[in-house]
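Here's the structure, in structure tokens; my notes come after.
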Amino acid sequence: MKSRVILSHRERRDKHNYTQIETTMERKPFDVETTEDHKPYSSVDGGGSDSVDSFDQDQKKLVYRGWKVMPFIIGNETFEKIGIIGTLSNLLVYLTSVFNLKSYTAATIINAFSGTINFGTFLAAFLCDTYFGRYKTLSVAVVACFLGSLVILLTAAVPGLHPTPCGTQSSCQGPTEGQIAFLLMGLALLVVGAGGIRPCNLAFGADQFNPKSESGKKGINSFFNWYFFTFTFAQIISLTLVVYIQSNVSWTIGLSIPVGLMFLACVIFFAGDKLYVKVKASGSPLAGIGHVIAAAIKKRGLKPVKQPWIDLYNHIPHNYANSTLKYTDQLRFLDKAAIMTPEDKLNSDGTASDPWKLCTMQQVEEVKCIVRVIPIWFSCAIYSLAISMQMTYPVFQALQSDRLLGSGGFKIPAATYVVFLMTGMTVFIVIYDRVLVPSLRRVTGLDTGITLLQRIGAGIFFAVLSLLVSGFIEERRRTFALTRPTLGSDPRTGEISSMSAMWLIPQLVLAGIAEAFAAIGQMEFYYKQFPENMKSFAGSIFYVGGGVSSYLASFLISTVHRTTEHSPTGNWLAEDLNKAKLDYFYFMLAGLMFVNFLYFLLMARWYRYKGTHDEVGYVVETVEEDTKQQEDKNSV
């Protein structure tokens, strides 16, 4: 057994105290599926090598085409998002107007459907990273999305697949069991498709860049920005053009557009089949997490070792999948999983005979990476509350504001104002990527301009500003409605304020800027901080966080409504906003978000990025020799 001992950064500067014992480190590169353009380099497939030099030579044979394949990936993403959002964004109206469902029934279906998609991404990520790999998972998902959109289209185009239209009748005939079953089949296909695409598509695109080259690293950083640019652009198109055609022209034509775009997305995605870098699944990453936690609990009574970077068991198997991590002096209770006792036995190849009792320091550090992310993730889930509110309550504000545009009498639909949030995000992404990052790079020396946690923190700060502005704008809107002549009355809400709904744009633009910082920063943060064999999981927890925030939003709204319903100041969330105190609700959310901002700063200060050096002593990399020839080469 040979080891490489490198003294701490401070001692390294002292040439007299510097000691280095050379060895080699063997790690398993990801298996890459064979294409006509390049061979796989994994030693598991027999195409690799046991030496570092041979590994580097094999890695050079891998062709990372980077931006050359982005037209296929981003093109597929754009058309797929327009297709999915175009099908789902107006689904509530479709269920009530075409399927004649009650509002609460349709809302229940939509909420269950949205929650299933968000939490389904976790299952999809597990299957992707464990069994199928990202390319195969995406292949199934894009086809499922196309078929799901086609089924939804058929429910509108075929008279026998939806109830008889109500017309002017006061009572409507509901759907039959067969019609509901056919509709649910389409929704189930969309769950499979969207659940598979969301956690895998971003990671698959990042796979196309060489993470070891400077151009590849910059390409990955820029790719995250442009990925979200296409995402928000697709939302804008869907919420304006597609929804308008569905609501005002024809449901059949309006739903045919997403089907056609989804088919085009499939064609574009499979057209790049021979050019992609296809990372294969590397086994269940959850098993390794379970091993570390179980072993740490079983050995909780052991005393910590004095020099964990040296004394902890750290056998690195041949061809290990993940990058080797340095020891970090955090979450030290997990270190006990790698303390070797006389009862622990090793196999002939140096691996632990019982992985539930003994783990490597490498495995422990990988679990630490995941545990360190959880407090950041929780803060980001709370942040998403602000965006959830900005996607709903401004619509109600717009309904009781002046929505007339110019003197022509054109009235902007209330739901369309949400587009300003997406427009603000889209425009700011371009400014951030092309102006701010290059400028900040010259100041900080970082490729990303600022750190990922600084980017997320900036997003949370803009979310606080957005909520504060929302409170002041709502106070102004209600004051206009109560003290000035109104523009009429809506039978379902109340008097319409003479304040222009354009006053809602600042709060929505600020929310869009917050998303440009925090949402993209989150996705990139999770992708880079999770172990390499959990990249799809990294994508899934972003959407799981969104699902958690949706449930938190529902709980908060119901709690505030129930608490203030009989209060002296009146119901904060009354149906008629002129009688409500929506500005109080916004200010309460701003206070909650500010507390969350302080919590985030505390967690960000504590956080240790993956792969960074510790202030404590030594870094030890231990490896077992493979063959006599390799040992001779190391000695030379």
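Keep in mind that glycine also has a Cβ here, set from the backbone N, Cα and C atoms.
According to TrEMBL, the compositional bias 'Basic and acidic residues' annotation covers 26-40.
Annotation source TrEMBL lists region 'Disordered' at 26-53.
The transmembrane segment annotation in TrEMBL covers 82-101 (among others). Note on the transmembrane segment (82-101): residues 107, 109-110, 113, 145-146, 148-149, 152, 155-156, 162-163, 165-166, 172-175, 179-180, 183, 190, 193-194, 234-235, 237-239, 242-243, 246-247, 251, 254-255, 257-259, 261-262, 265 of its chain, located 6 or more positions outside it, place their CB under 8 angstroms from a CB of the stretch.
Within the chain carrying the transmembrane segment (107-128), a Cβ under 8 angstroms from the stretch's Cβ atoms is held by residues 91-92, 95, 101, 134, 137, 141, 187, 190-192, 194-196, 198-200, 281, 284, 286, 536-537, 539-541, 543-544, 546-547, 550-551, 554, all 6 or more beyond its ends. TrEMBL lists 107-128 (among others) with the feature transmembrane segment.
Residues or ranges marked as transmembrane segment by TrEMBL: 140-160 (among others).
The transmembrane segment feature in TrEMBL is assigned to 180-204 (among others).
The transmembrane segment feature in TrEMBL is assigned to 224-245 (among others).
What TrEMBL lists as transmembrane segment is 251-272 (among others).
For the transmembrane segment (370-392), the list of distant contacts is 289, 330-331, 334, 418, 421, 453, 456, 459-460, 463-464, 466-467, 470, 507-508, 511, 514-515, 518-519, 522, 525-526, 529-531, 534, 541, 545-546, 548-550, 552-553, 556, 586, 589, 592-593, 596, 599-600, 603-604, 606-608: same-chain residues at least six beyond its ends, Cβ to Cβ under 8 Å. Under the heading transmembrane segment, TrEMBL lists 370-392 (among others).
Here TrEMBL flags 412-432 (among others) as transmembrane segment. Using a Cβ-Cβ cut-off under 8 Å and counting only residues 6 or more beyond its ends in the same chain, the transmembrane segment (412-432) has close neighbours at 225-226, 228-229, 232-233, 235-236, 239-240, 243, 387, 390-391, 394-396, 398-399, 403, 405, 501, 504-505, 508-513, 515-517, 519-520.
Annotation comment: TrEMBL describes 452-473 (among others) as transmembrane segment.
The transmembrane segment feature in TrEMBL is assigned to 501-520 (among others). For the transmembrane segment (501-520), the residues of the chain that approach it from at least six positions outside its boundaries are 224-225, 228, 380, 383, 386-387, 390, 394, 397-398, 401-403, 412, 414, 417-418, 420-429, 432, 455-456, 458-463, 465-467, 469-470, 473, 476-477, 542, judged by C-beta separation under 8 angstroms.
As annotated by TrEMBL, transmembrane segment applies to 541-564 (among others).
Among residues of the same chain six or more beyond the transmembrane segment (584-602), those with a C-beta under 8 A of the stretch's C-beta atoms are 376, 379, 382-383, 385-386, 389, 393, 456-457, 460-461, 463-464, 467-468, 470-471, 474, 560, 569, 572-573. Residues annotated as transmembrane segment in TrEMBL: 584-602 (among others).
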Per the 3+ Cβ pairs under 8 Å rule, pairs at least 6 apart in sequence, do the transmembrane segment (140-160) and the transmembrane segment (224-245) touch?
no
